[in-house]
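According to TrEMBL, the protein has these features:
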type: SIGNAL; residues: 1-19; note: signal peptide
type: TRANSMEM; residues: 57-80; note: transmembrane segment
type: DOMAIN; residues: 68-174; note: domain 'ABC3 transporter permease C-terminal'
type: TRANSMEM; residues: 101-125; note: transmembrane segment
type: TRANSMEM; residues: 145-171; note: transmembrane segment
type: TRANSMEM; residues: 192-210; note: transmembrane segment
type: TRANSMEM; residues: 230-252; note: transmembrane segment
type: TRANSMEM; residues: 285-305; note: transmembrane segment
type: TRANSMEM; residues: 330-357; note: transmembrane segment
type: DOMAIN; residues: 341-456; note: domain 'ABC3 transporter permease C-terminal'
type: TRANSMEM; residues: 385-412; note: transmembrane segment
type: TRANSMEM; residues: 466-484; note: transmembrane segment
Amino acid sequence: MRVALTALSAALAALSVLAALNVLAIGPLVPGHVDADQWAQQYRSALLREPGLRPGVILTFILLTVPVFALAGQCVRLGAPARDRRLAAIRLAGATPRQAVTVAAAETGVAALIGAGFGLAGYLVGHRLLDEPDAQGRLALPTDVLPPVWLIAAGVAAIPVVAALAAALVMRRVTVSPLGVVRKARRERPPAIWAGLVLGVGIALFTGLGPLMKLADKHRITWLADWSPVLVYGGALMAAFGVVLGTGWLSYTTGRLLHRYARRPAPLLAGSRLMADPWSGSRTLAVLLVCVVFAGGVAWTRSWFAAEDRIRAQYQRTLDPLQDPQLDPFYLNTVALIDLAVLLGVVLAALGMLVALADGILTRRRAYAALVATGVPRPVLARSILWQAFVPAIPAVLIALTVGAGLMASLASEVHAGGGGMTTCLTTAEQCDATPLDDPTVWQVTKEPELHLAVPVPWAELARDAGVALGAVLAIVAIGLLFLRPSTDLEEIRVT
């Protein structure tokens, strides 16, 4: 299963990377168009037609590789007994722990290379089959262009390299002994200050964009405006990283509360495990929380665009009550596509959680078997695993949604329409040229009404996103518990 999941993740990563390269291959201009017309009119979607929107499409495809590579890295931790014995034999033959980890990472790289090859084949087949224009001759996808061969080769070759590096990074705290036991290094209590500091810096970078842009406009500081994308993306990434770091502290604090106030065996076991390895929640939930942060931002963006449509419709009715408002659904449709991308990221993150959960059960199989041998019922162990996975996820998901929505709210908390004006010269052109606009004897200023509307908090969308994330955690725990029964067999106690 480990090899199959690694190959599957590599195939998905290859498809995502090649799709990004395909959009990049459209280029700034299309043959047959003049310099003044840079739109690729042969595509149905404006996301592909407009050059200014294509970088967002490319960035979305690149971000989708993050949960995929996280899944590939988690697969190397899947501690199957046969793999443990094989690595133990390598240790007995004289290999160092680092060499054993290198072998495991190389296995991930080979499986990722096979998966990337399948992904390339699927991309080429899909590129040919989906090349069907509609009645107007427009294409749904950029199947009329292909990236350069060297760029395709580089993109495919980079996937197994990144997967192997991710596997080595995941196994950096795993020790393979000659007896075939995989032990995780002991973790100390995670400090909360680092998570809060990183989160605070990310929020400050993001929320400081508005005042900085006003300062740049006031003093005509052009270079500050050029760095605005760095502030936006850097602040968002640091905020998401701070949320992930804070999960370790949340897990430890949750474990302390369960250990202190719980009265049933299952939450007591879960509390002890959370205190013993508080970073387990951070490893398991990391990619999911990043997706939830983006989901919170997307929910607020949807509410922002919906508020823009409402205020524009209201303004048009104010100017002409008899005319039906003309609204463009492009932005809301684009947000729906981003929602789909975030949902795909949640699914991939859930697969990574499943691998991490199965790895945790298989790694502690002897301890679980010993508990069963001493009389602990298997349902109690199952409930303890549920408590351990689900309870820290609740505050983590809520914080991630709050951070994501709060970041976007700092940029777009209000929408407005109108407020313009028209000036009319009441005298001669020469006198108007020599007179400022605030002179009512020379100029007549007609101001249009200005409407303001606060962007409503998207409670329904945020609740939906929280439900999807927590539902994914519950589903993954339910599937992962299938590994508990064979892992608690009494034969596991005698396995060496």
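Glycine is no exception: its Cβ is also placed from the backbone N, Cα and C atoms.
Of the recorded ranges 285-305, 330-357, 385-412, the transmembrane segment (192-210) has the largest number of C-beta contacts under 8 angstroms with 385-412. Between the transmembrane segment (385-412) and the transmembrane segment (101-125) there are fewer than 3 Cβ pairs closer than 8 Å, counting only pairs 6 or more residues apart in sequence, which means the two stretches are not in contact. 145-171 is the stretch from 145-171, 285-305, 330-357, 466-484 with the greatest number of Cβ pairs below 8 Å to the transmembrane segment (101-125).
A Cβ distance under 8 Å defines the sequence-distant neighbours of the transmembrane segment (466-484), meaning residues of its chain 6+ beyond its ends; these are 285, 288, 291-292, 295, 343, 346-347, 349-350, 353-354, 357-358, 361-362, 368, 378, 381-382, 385-386, 389-390, 393-394, 397-398, 401. Regional average pLDDT for the domain 'ABC3 transporter permease C-terminal' (341-456) in the model is 82. Using a Cβ-Cβ cut-off under 8 Å and counting only residues 6 or more beyond its ends in the same chain, the signal peptide (1-19) has close neighbours at 61-62, 64-65, 68-69, 71-72, 75-76, 78, 80, 83, 107-108, 111-116, 118-120, 122-123, 147, 152, 155-156, 158-160, 162-163, 348, 351, 355.
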